[in-house]
């Protein structure tokens, strides 16, 4: 697979020609900007629809496990299926060397059925994707035209509004969605899941996914390091109205296992091999999958850079709020700004990936001593583990703050537990405390204050309860 991703970028894999035309799809040439450029040096034409053999596999709430095939050549197959005109329609489009019946594609439909009634159409173009990369990148044009043709049939034959269509594309599939969107006026939404870099980054907008392809375009970047020398398959180029860079967008937590542990994976040899070769690249659809069932677990913060985000410079959310990366990104009030918007967040290293960000500020009390301070939050929905807030000289009256990403939303915060230690034997048995701890959840601007007049020895928990009104002034 690694060889396919790297070497095949430079293989020809098809005969050249000037232009080819297909019924209902239009004509495709090997002229610029599609070929003969520095980014696309090889002059290739896309394969024919017959050779690519794109299939449209419909799953609905009524048939969540067995698909119904919709045929471009026979629009009556739509009317004979469980397709419901009153529902939204979400197309899921796989990428390079993948297939429309892959587990993650079908699982995405199944997750949707848990939260909504929807027409979920898996676009299978495996015969066009399981070839050399450069040829597959050119086949994107025909597959995108076919997706647009299917939408056009829905519009003309079933009075279906394109505003109710959502295209979700991974890797090359993101650019398939872009091609389809550029052919479909009024398309509602496109989600690009780590749009691939090679042959697309730096090209004109008509070649790649861009914000003009739908009324709303959101993009998740998970493998945006340069292809050479880091083998980053995804693009770093801003491609939507909202671009999300989880964990900085280049190196995902949990993707640095050794080769054997990654390949001998719980999901099997094939899944394990895929994860070893393209773990960062695949994380984008795994985050989206989980976001469907976690409507508030992927809050993302506007920030100039991931460095600023990690330096706690982008907290809390601004007045208009923060978007949720993934399925619910379209709920964000500020989604349709004129300028592209960049957002950052952190995730877990494995399922569950969702995280909830908190800021904790504390005022120390007690003796001056060197050590580290930790805090745990307890709320109506559960409690966090202990998180490091400060290491260094613990000085009475000093204020320290830090942010952390918890594995759960604790709900209404009821109390805070404070712990300190210096891991050095101190015969004077000093006592330290927190006179006040202020907690703020990322999506909220409200601050919650907890107070205590007590001090404790190291490795002894101190519980702080909500301050009396006079204590918070």
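For all residues, glycine too, the Cβ spot is worked out from N, Cα and C.
Per Swiss-Prot, the feature signal peptide maps to 1-17; the stated evidence is sequence analysis. Taken from Swiss-Prot, the feature disulfide bond covers 21-27, 109-120, 255-279, 303-314, 317-322, 451-467, and the record attributes it to sequence analysis. The feature N-linked glycosylation site is assigned by Swiss-Prot to 157, with sequence analysis given as support. Here Swiss-Prot flags 171 as active site, nucleophile, drawing on similarity to another entry. Swiss-Prot lists 194, 281 with the feature active site, charge relay system. Look at Swiss-Prot and you will find 205, 208, 210, 213 tagged as Ca(2+) binding site, backed by similarity to another entry. The domain 'PLAT' annotation in Swiss-Prot covers 356-470, and the record cites sequence analysis as its basis.
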**OP:** Grab the pLDDT values for the domain 'PLAT' (356-470) and give me their mean, rounded.
**Re:** 93
**OP:** Just give me the nearest neighbour of the residue listed as 'N-linked glycosylation site' among the recorded positions 21, 205, 279, 303, Cα to Cα.
**Re:** 21
**OP:** Mind checking which of 27, 109, 120, 314, 322 has the fewest other CB atoms within 10 A of its CB? They're the disulfide-bonded residues.
**Re:** 27
**OP:** Select the most exposed residue of 194, 205, 210, 213, where exposure means the fewest other Cβ atoms within 10 Å, treating these as the recorded positions.
**Re:** 205
Original post:
Taking just the CA atoms, what is the gap between residue 194 (active site, charge relay system) and residue 171 (active site, nucleophile) in Å?
Top reply: 6
Original post:
Reported as an integer number of Å, what is the Cα distance between residue 27 (disulfide bond) and residue 208 (Ca(2+) binding site)?
Top reply: 18
Original post:
Taking DSSP three-state, what's residue 303 (disulfide bond) in: helix, strand or coil?
Top reply: coil
Original post:
Should residue 208 (Ca(2+) binding site) be counted as helix, strand, or coil on the basis of DSSP?
Top reply: coil
Original post:
What are the other residues, in sequence order, whose C-beta lies within 8 angstroms of the center of the C-beta atoms of 205, 208, 210, 213 at the Ca(2+) site?
Top reply: 178, 182, 206, 207, 209, 211, 212, 239
**OP:** For residue 303 (disulfide bond), just count the other CB atoms lying within 10 A of its CB, please.
**Re:** 19
**OP:** Translate the DSSP assignment of residue 194 (active site, charge relay system) into the three-state scheme.
**Re:** coil
Original post:
For the recorded positions listed here, 157, 171, which shows the highest count of neighbouring CB atoms within 10 A?
Top reply: 171
Original post:
Between residue 303 (disulfide bond) and residue 21 (disulfide bond), what C-alpha distance do you get in Å?
Top reply: 45
**OP:** For the domain 'PLAT' (356-470), jot down how many residues DSSP puts in helix, in strand and in coil.
**Re:** 2 helix, 69 strand, 44 coil
Subject >> DSSP three-state assignment (helix, strand or coil) for residue 120 (disulfide bond) >> reply: strand
Subject >> Least Cβ-crowded entry, counting other Cβ within 10 Å, from the disulfide-bonded residues listed as 21, 279, 317, 451, 467 >> reply: 21
